[in-house]
Amino acid sequence: MFSNALIISFTFGYLALLFAIAWFSERSASKGRRLSNHPAIYALTLAVYCTAWTYYGSVGRAATNGLEFLTIYIGPSLIAPLWWIVMRKIIRISKVQRISSIADFISSRYGKNVTLGGVVTIVCLLGILPYTSIQIKGIASSFQILQGSGVTETLANLPFYQDTAFYLALGLALFTVLFGTRNIEATAQHEGMVMAVAFESIFKLIAFLIVGVFVSYFVFDGFTDIFSKAVAEGLDHLFVMQGENSASEWFWMSVLSMMAILFLPRQFQMGVIENTNERHVDTAMWLFPLYLLLINIFVLPIAFGGLVHFPIGNYEADTFVLAFPIAFDQKWLAILVYLGGFSAATGMIIVSTIALSTMVSNNLVMPLLLINDQFQKRYQHRLGLVLIWSRRVSIFLIILAAYLYYKQIAGQFTLVSIGLISFVGIAQFAPAIIGGIYWKKGARIGALVGILAGFSIWFYTLVVPTMVIAGYISEVLLNEGLFGLGFLKPQSLLGFSDLSYISHGLFFSLTINSILYVVISIFSQQTSKEHNQAIIFVDIFRYSESLDTAIVWKGQAYVPDLRVLLMNFLGVNKTDDALQDFVKHTGKKLDDKIYADPELVNYSELLLSGIIGSASARIIVASVVKEEEISMEEVLGILKEARELKSLNDQLEINSKELQIASEKLKSLNESLQINDMLKDEFISTVTHEMRTPITSIRAFSEILLDQDLPEADRARFLEIIIQETKRMSRLIDQVLDLERFDSGRQELNLENSNVDSLILEVIDSMKHIFLEKGLHFEYNLINSNVLIQMDQDRIKQVLLNLLSNASKFANSKVILKAKITESHLLISVSDDGKGIPEEELPYIFDKFFQAKNQTSKKPLGSGLGLAISKKIVEYHHGTIEVRRILNYTCFEFTLPFAQSKMKIIN
Amino acid sequence: MNKILIVDDEPNILLSLEYLFKKEGFKVFIARDGEEALDLISEIEPELVLLDIMMPKVDGYEVCKHIKEEHTNIKVVFLTAKSKQQDIQKGLNLGADLYLTKPFGNKELVSKVKNLLN
């Protein structure tokens, strides 16, 4: 019906379109616009679940088994609401631990164990290979039908170099290599590939809906027409659940597909590794089931329509979808449907192969190579290259192996049956994973034995029969059991023959697997590393935010060693970037010490985990780190501490941050207002009190002076007192005004370069007679330097006079003035040998009117403002003043810094 | 002759009061702080004490309290710069007979003291 050239050019045209989409999205992402960062895209990529099996096979299955085909879609839809719990947890673990595949996930959970990772990889390879090959079968057979040859056998028997399917497989491998192995970090998202897969999901859905509408409304007269004709043909048994065991059959199939949607390598790749945001799961929870519903609406109509319309034997039911457009001569519709099937198949092949190649490189190749010291030495600087090429080569090998499998075996089975066998293989991971993320006791050895046992039973009950049918093994095994033992018949173990072939295999493999996993785990002892991982996995939501700071390495490593290690995989630039990131986030410096911080070791291991998988990363980091065994208690302690701190902080922050800030502001405002108010009140009342004293004397004596018969001597004496008291008052007023100017910041200094020694001498000159009068011994020294210091001479003199006059009031016999200069300061101290200031009063000594308020100390002459003003003056010079008791001396000491640039200068 | 004790820490105020009351015919004793006053009171047993409040060592309130507890017949007149209502109240509550604020008029002070003694 179509020429080969036309079909091939459409096929490769479609591939070119995929290339274009992938290339465009990668370019857009490199400019910072990530198209894939959208929940709808995420949901669409999950639809990679719908392969050629869905596209062609559902109709085929419905044509023979009726409604049962739906189980594979009911399972995922039923479990979708649980994704919020399960999937989100797996995603969070994978992001935090930089998990690169499902093998890595399991290996990481059970102590980053190499063996387990390898076993899971091999199980995946063996389980998925047939599945991949049926995709090639789907492409090949649709291709043939489009050609019009109609006979499936012919093409499969051609030598490979004449087989179009072979070249298509190579094309797919090339695409996968180009868009799947660009980045060495397996955890890095494949933007181009994701967008291509999302496009394919839309394309296959639209193609299927169009053909569905065509069959239902153009070939037939709507659903009712099809169903009534089907009833007339005696097909009504397909409308209902069939037979005695149908209920258990539905149950087992749903369980199977629930596990498949989570653990198939391609689903894990799309759902977990390529996930850009946990919240996208929300949308996928309803959008993905909706997608499944849409793509299944027309399955039954097409199946029954095909059964009604086509004579038996003309077309395989698997190909009804394509047969209708051809039979009704709708060329373009036929091409569209073919391409839809092609997109369904290629989506699966591409994603599965990327996932598998990551597992092969990270969980098989790398560990094997790294265990070999010789190899590690020889290739240590090219490990990155080895890694990426092992991925590329394995992509080609996997696709070629799938092609070979298709040529040899797959041709003989329906799409669905092989798909289901793969599902059961993958389901063997369920106990280890589900147990691993909810049960801390789940142990490595239990997981390993469970998976191996389940896998063996899977092979024996499900794969062996297909090999018998394909003619590789004698039929005797099927009919009489292994060693002729009837209870070992592959399809009816222990005589169980009530279940269908698939359910039987699933039941036995999964049951034995689960029992072994649980029982062995209970009776085995975890190592501390394993236990550590178990806690992280199970309690991921508690720990994920504190993990960065919780250090579970204990040992010594050298920074240069780690740097070299990272450079081998990341290259110089990315390594530098990564280390700079580390420095920025932790605030720790790297260069000034040779020993690496445990946090850096951890960070390096995580970085490498993203590239070569956790088990390999552990091996390679261990090669440069002298690690000590860390006890379980230590690990728990660290994690708990980090967590508690974190949650405590969070709570405090969340609950009371804003409230606290607001109330604190108010409080401090209120407080400072109150204090201000109080101080002002107190100041005024003290000032007025201090003023009343001289006024009282003045008034009293003035009234006395009014008396006419006052002796002349008294009159003179009283007048002298009045004058003294008047002076005292005006001094007080001056000082109050001084202080007020300093307080309000309106005081200005008259700065000039001053000779310190001459200033000191001037002050001493005016104090000398007072010391003499009081019989005090006075000692002083000069700085003996011509250095000029900027200061307001009058003000500094005022300070010195105040200190000296205070000293003279309190001294017993001696006053000492010392001056010296340091590199940056002038330092002057005044000491007296008086009884000193009580310790509890020291903090208040510079307060205004302090001595006036203080009732119990001896009241000296003076206003009580001298020290307060002195302090202000020194502070205005950016200096400090303090008082302390040294031996038996009370020592006031003030400093003046040389640099005075910030001061106001007048004149 | 009336015996009067004048307590103040300001020498000039003390001098003026001493001059004033001597001239009015009082027998005048002086104390420069509360402690000195307490010592003198039991010794000289004055009829009236003219008392400042803000003084070193023992303040006027303490002195007044002591007098009113131990020597109920001695009259106490506060003569102070503290003029706030709560200070006045406190002084009167302690049993003072009169509360006068500084500055004062000489004649007024003398006549109030005399009134109190008669």
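The backbone N, Cα and C atoms fix where each Cβ goes, glycine too.
TrEMBL entries are annotated by machine, without manual review.
Per TrEMBL, the feature coiled coil maps to A:642-672.
For A:686-900, the entry in TrEMBL reads domain 'Histidine kinase'.
If you look up TrEMBL, you'll see A:6-25 (among others) marked as transmembrane segment.
Among the features that TrEMBL reports, transmembrane segment is placed at A:69-86 (among others).
Per TrEMBL, transmembrane segment is recorded for A:114-134 (among others).
The transmembrane segment annotation in TrEMBL covers A:164-181 (among others).
What TrEMBL lists as transmembrane segment is A:202-220 (among others). Sequence-distant neighbours of the transmembrane segment (A:202-220) (same chain, 6+ residues past either end, Cβ-Cβ under 8 Å): 44, 47, 50, 55, 226, 229, 291, 294-295, 297-298, 301-302, 305, 309, 321, 324-325, 328, 330, 333, 336-337, 339-341, 343-344, 347.
Here TrEMBL flags A:250-268 (among others) as transmembrane segment.
The transmembrane segment feature in TrEMBL is assigned to A:288-312 (among others).
With a threshold of 8 Å between CB atoms, the same-chain residues lying at least 6 positions outside the transmembrane segment (A:332-356) that come near it are 1-2, 7, 10-11, 14-15, 18, 48, 50-52, 54-56, 101-102, 121, 124-125, 128, 131-132, 135-136, 138-139, 142-143, 146, 172-173, 175-176, 179-181, 190, 193, 196-197, 200-201, 203-204, 206-208, 210-211, 214, 264-266, 268-270, 273, 321-322, 325-326, 394-395, 398-399, 402. Sequence annotations record features per position, and here TrEMBL assigns transmembrane segment to A:332-356 (among others).
Residues 125, 129-130, 132-137, 140, 156, 160, 165-166, 169-170, 172-173, 176-177, 180-181, 184, 349, 353-354, 356-358, 360-362, 365-366, 369, 568-571, 611-612 of the same chain lie 6+ residues outside the transmembrane segment (A:383-406) yet bring a C-beta within less than 8 angstroms of a C-beta in it. Marked as transmembrane segment by TrEMBL: A:383-406 (among others).
What TrEMBL records for A:418-439 (among others) is transmembrane segment. Listed by sequence, the residues of this chain that lie at least six past the ends of the transmembrane segment (A:418-439) yet keep a Cβ under 8 A from its Cβ atoms are 51, 53, 57, 72, 86, 89-90, 93, 102, 105-106, 109-110, 120, 123-124, 126-128, 130-131, 133-134, 253, 256-257, 259-260, 262-265, 410, 447, 450-451, 454-455, 458, 462-463, 466, 502, 505-506, 509-510, 513-514, 517-518, 521, 534, 537-538, 540.
Remote same-chain residues near the transmembrane segment (A:446-473) are listed as 106, 109-110, 113, 115-116, 119-120, 123, 126-127, 408-409, 412-413, 418, 421, 424-425, 428-429, 431-432, 435-436, 482, 490-491, 493, 501-502, 504-505, 508-510, 512-514, 516-521, 524 (criterion: CB distance under 8 Å, separation of at least six residues from the stretch ends). TrEMBL lists A:446-473 (among others) with the feature transmembrane segment.
What TrEMBL lists as transmembrane segment is A:501-523 (among others).
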Outside the transmembrane segment (A:288-312), six or more residues from its ends: residues with CB under 8 Å to it: 43-44, 46-47, 49-50, 54, 58-60, 62-63, 67, 69-70, 73, 76-77, 80, 201, 204-205, 208-209, 211-213, 215-216, 219-220, 223, 226-227, 229-230, 233, 235, 238, 320-321, 323-324, 327
Range from A:6-25, A:114-134, A:250-268, A:501-523 with most C-beta pairs under 8 A to the transmembrane segment (A:164-181): A:6-25
Segment confidence, the domain 'Histidine kinase' (A:686-900), expressed as mean pLDDT: 84
